[in-house]
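Chemist: The structure that follows is given in the form of structure tokens.
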Amino acid sequence: MPVPILMPALSPTMEEGTLAKWLVKEGDTVSSGDVIAEIETDKATMEVEAVDEGTIGKILIAEGSEGVKVNETIAILLEEGESVDDIDEAAMKNGAASGGGDKTDTKQADKKEDGSKPEPLKEEASAATPSTAPAKPSQDSGPSQDSGKDAPKPNGRIHASPLAKRMARNEGIELTALKGTGPHGRIVKRDIEQAMKDGTGKAGAAAAASKSSGAPYQPPAAGIDERLYPADSYEAIKNDGMRKTIAKRLSQSFNGEVPHFPLNIDIDLDTLLEARERINAMSPPKGEEGFYKVSVNDFVIKASAMALKKVPAANATYTDDAILRHKHADVGVAVAIDGGLITPIIWKAETKGLLQISAEVRDLAGRARQKKLKPEEYMGGTFAVSNLGMFGIKSFSSIVSQPHGAIMSVGAAEERAVVRKGQIIIANQMTVTLTCDHRVVDGAVGAEYLSVFKKMIEEPTSMLL
Amino acid sequence: MADKSFDLVVIGSGPGGYVAAIRAAQLGMKTAIIERDKLGGVCLNWGCIPTKALLRTSEVYTTMKHAEEFGLKAEKISFDIDAIVKRSRGVAGRMEKGIGFLMKKNKVETIMGEARLKGGNGATPSVVVKTDKGEEKITAKHVIIATGARARTIPAAGLEPDGKFIWASKEAMVPDMMPKSMLVIGSGAIGIEFASFYNAMGAEVTVVEMVDRILPAEDKEISDFALKAFKKQGMNIITSASVEKLDKGKDSVKATIKGKDGKTQEIEVERVVLAIGITGNTENLGLEEIGVKVERGHIVVNEWLETGVKGVYAIGDVVGAPWLAHKASHEGVICVEKIAGKKDVHPLDVDMIPGCTYCQPQIASIGLTEAEAKEKGYKVKVGRFPFQGNGKAVALGEPEGLVKTVFDEKTGELLGAHMIGAEVTELIQGFGIAKTLEATEEDLFHTIFPHPTLSEMMHESVLDAYGKVIHT
């Protein structure tokens, strides 16, 4: 029996993803473990492996399709001796019916008719073939989803002709990005044809490019008042999965759920800088095996983890029922990447030495920039560190990334005029800000944590205690 | 006579011109319309309407001859050709009065006379009208040329009306006798309508067509279907052939017909009807003087019907194919609304223009034929439904016909619809609406067609394209 290949859940929280690329085509033979496709989630691009061996019978979701639901059938695998004709409609439908990239009105009708008609399926399958539909945003799938998805405008539905909707779906064009020239602003065929010519609203293009920030596309963008920003006065960069996630999660945290408050502290760095110099001086020469170069940030990560162990109340997550005090300090390190940021995690950082932390950060950051992180490498964590010191930022206050209880924002290390015992002296200092989720980290807890952290940075040897 | 000035002057009062004038008046323009002959133009006086009156006669006549099929008795059925013509002229006359009324009602000034454009030099040319009272000079901000077209003739080959044996459409519309035999040259809509009329009225009709099938603009399947139907009615049809020579005798004409294969044949007929095309009425308008370009008998315009000369536009038959009244009317509205600066004006889409031929059986179509669709690279889904599967058609005694639909497989767009059979000219608008609203096959599936009607066949044809047809 033909086996449906389902959209995998690449992480426990993944609900949908973008089918970024097919690495096989219909008719290809695959064996278990072969990489058949690349899936882009909100933060990373992942490879999908075949679990069975067989022949790719049909590809149902075109590459570039966004918002493909987990467990949706993305392709059909044929076992030995089977042909495309063996593909069971039910199996096909199962895939499409679960909210698929390619679902059309046709599909709906077929359901009503108990699905006895092969033609629409054929049509749909061919439409899903990458060659004919390079980019098909699956969120424009069913009609019901249509109205939801196509209607970010406050006044509800998008006015488009049935043909325009169908063409937009086929071509991966976001109707919201278009301006209708039909009666009462209805989007009609000529608008889609124009968009195809101009490349307007090409949703799939951004996803398929998968590079990061997405392909620029023609204004006007949806929801923009043209009186404020005339269509030719800006370049609209389509939101990709990461951008949407950043927007959603941080506004949920900052405006929705987490009562934020920041705590500042200045920390002397002279001792640490000396220690760092001595440690780095011990490294084998560059190019030789074992070379290392520990950064101030590595110290910060190490110290933040050690301090979390000392003040467990700060290493905690708020839930409605209970406060979760984490047993390990899993420290997320914010890494700016093209088109956004991602926070890979140094797991059990309190148990790791500086060299290991340094190496891990380098590895994770490198792969984050290529969007090659696995979900388990960036999902979760108990605490986070964000460092903008390299840009000369003196101090800033990050937004807590749930489910963390707090986030540390690290400013630039700089020489400052400091008054000590009535004397003005020159000292290397940095300002650190701890932004706390007040539901779980109260002011005193945050303050205690910062003071412990400060001590560890100002006297690194105390971390040995 | 004092000079007059208008916002818009329309030259020609056919279905292009008078509709443009009314629309302009509705939009508040001071409008005048100039007509040299009769209001309503060819359509109303010498085309669409009077021929429909004639064809209605032949239809009733045919039905009467088949009275027995309906359980009726009609004996000694005969006709009076003068009365038939009189009725046709009466219908045209009545409609013409209607146009006069519409002009008055909309405060469009009607000027009877022949117009000529003059001057301009960067400004809108003025219009000089020769009326029976003398010359009148009119100035206008905008001038629409809607002078229509006439039957093409080829005098060098003897293909022109001679006042007796050889008729063009105008003569064929007012026959003084019913010929026993007739040759129709050209099998486009006009030729076929006359062929159908005269054949039904008892003339022995031969149609000669240059290309390899009749009604060459229609889908090939429809052409083939029509050919069979006409042959069954006794029509003699010669395709891939042309008329070489017409030798006029005392009471008849001897026509030499040469096939593409080189073979010639001679037939003798009482009358010849010329239907070899249409040519625009571009003469004596001063077009050359003001710089309006004319190519192959038609005025050259852009998508907005602008001639390139400031303030001068042209619409309808004078700008070229398809030579259809409804196309002219639509262009008139587009042209005027564009002049008025209305939003939501769009150029005419040829694929949205239905075409109707009122022969028996009738033919109607819209959009791309199957062959054209394939030529354009579409992967098509084609549906067909025959009249004999439709209860209403059989009850009407019209079980002969076909509804064919062509869809784009990729998008479900209705690319074209092609119909032959009773009343299809009244049905085609349904597919026109579907196309304008950009319905896909899905929307047509879900449309409920009333039973029992001929329109059900439209539904069935769509269903058939997707393998869901019920009644075959």
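Start at 1 and count along the chain as shown; that gives each residue its number.
From the backbone N, Cα and C atoms, a Cβ is placed for every residue, glycine too.
TrEMBL entries are annotated by machine, without manual review.
Per TrEMBL, the features are:
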- B:6-332: domain 'FAD/NAD(P)-binding' (DOMAIN)
- B:CYS43-B:CYS48: disulfide bond (DISULFID)
- B:LYS52, B:ASP317: FAD binding site (BINDING)
- B:GLY186, B:SER187, B:GLY188, B:ALA189, B:ILE190, B:GLY191, B:ILE192, B:GLU193, B:GLU209, B:GLY277: NAD(+) binding site (BINDING)
- B:353-461: domain 'Pyridine nucleotide-disulphide oxidoreductase dimerisation' (DOMAIN)
- B:HIS451: active site, proton acceptor (ACT_SITE)
Chemist: Using DSSP, how many residues in the domain 'Pyridine nucleotide-disulphide oxidoreductase dimerisation' (B:353-461) fall into helix, strand and coil?
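Modeler: Summed by class, the stretch gives 39 helix, 31 strand, 39 coil.
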Chemist: Using the alpha carbons only, what distance in Å do you get between B:ILE192 (NAD(+) binding site) and B:CYS48 (disulfide bond) once rounded?
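Modeler: Here the two Cα atoms are 13 Å apart.
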Chemist: Would you work out the biggest C-alpha to C-alpha distance among B:GLY186, B:SER187, B:GLY188, B:ALA189, B:ILE190, B:GLY191, B:ILE192, B:GLU193, B:GLU209, B:GLY277, the residues that bind NAD(+) according to the record, and give it in angstrom as a whole number?
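Modeler: Value for the max Cα separation, rounded to a whole number: 14 Å.
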Chemist: Write out the long-range same-chain contacts of B:GLU209 (NAD(+) binding site), meaning residues 6 or more apart in sequence whose Cβ is under 8 Å from its Cβ.
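Modeler: Those within reach of B:GLU209 (NAD(+) binding site), by Cβ under 8 Å and sequence separation of 6 or more, are B:GLY186, B:SER187, B:GLY191, B:PRO216, B:ILE237, B:ILE238, B:THR239, B:SER240, B:ALA241.
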Chemist: Here the recorded positions are B:LYS52, B:HIS451; which one has the lowest number of other Cβ atoms no more than 10 Å from its Cβ?
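Modeler: Output over recorded positions B:LYS52, B:HIS451: least Cβ neighbours within 10 Å is B:HIS451.
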Chemist: Closest of the recorded positions to B:ASP317 (FAD binding site), Cα to Cα, picking from B:CYS43, B:CYS48, B:GLY188, B:ILE190, B:HIS451?
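Modeler: So, spelling it out, the nearest of the recorded positions is B:CYS43.
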Chemist: Compute the mean position of the Cβ atoms of B:GLY186, B:SER187, B:GLY188, B:ALA189, B:ILE190, B:GLY191, B:ILE192, B:GLU193, B:GLU209, B:GLY277, which form the recorded NAD(+) site, and then list in sequence order the other residues of that chain whose Cβ is within 8 Å of it.
Modeler: B:VAL184, B:PHE194, B:ALA195, B:ILE214, B:LEU215, B:ALA275
Chemist: May I ask which of the recorded positions B:GLY188, B:ILE190, B:HIS451 is closest to B:CYS48 (disulfide bond) if we compare their C-alpha atoms?
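Modeler: The answer is B:ILE190.
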Chemist: Of B:CYS43, B:LYS52, B:GLY188, B:ILE190, which is closest to the residue listed as 'active site, proton acceptor' if I measure between C-alpha atoms? They're all recorded positions.
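Modeler: Comparing Cα positions, the closest of these recorded positions turns out to be B:LYS52.
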Chemist: Fewest other CB within 10 angstroms, which one of the binding-site residues B:GLY186, B:GLY188?
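Modeler: Each of the binding-site residues B:GLY186, B:GLY188 was scored by Cβ atoms within 10 Å; lowest is B:GLY188.
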Chemist: Please report how many Å separate the Cα atom of B:CYS43 (disulfide bond) from that of B:ILE190 (NAD(+) binding site), as a whole number.
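Modeler: Per the Cα atoms, B:CYS43 (disulfide bond) and B:ILE190 (NAD(+) binding site) stand 12 Å apart.
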Chemist: Quick one: what's DSSP say for B:ILE190 (NAD(+) binding site), helix, strand or coil?
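Modeler: Note: B:ILE190 (NAD(+) binding site) is helical by DSSP.
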Chemist: So if I measure Cβ to Cβ from B:ILE190 (NAD(+) binding site) and keep only same-chain residues at least 6 apart in sequence, which ones fall under 8 Å?
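Modeler: Non-local contacts for B:ILE190 (NAD(+) binding site): B:ALA151, B:SER169, B:ALA275.
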Chemist: Hey, how far is B:GLY188 (NAD(+) binding site) from B:LYS52 (FAD binding site), Cα to Cα, in Å?
Modeler: 16
Chemist: Any idea what DSSP makes of B:GLU209 (NAD(+) binding site), helix, strand or coil?
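Modeler: It is coil.
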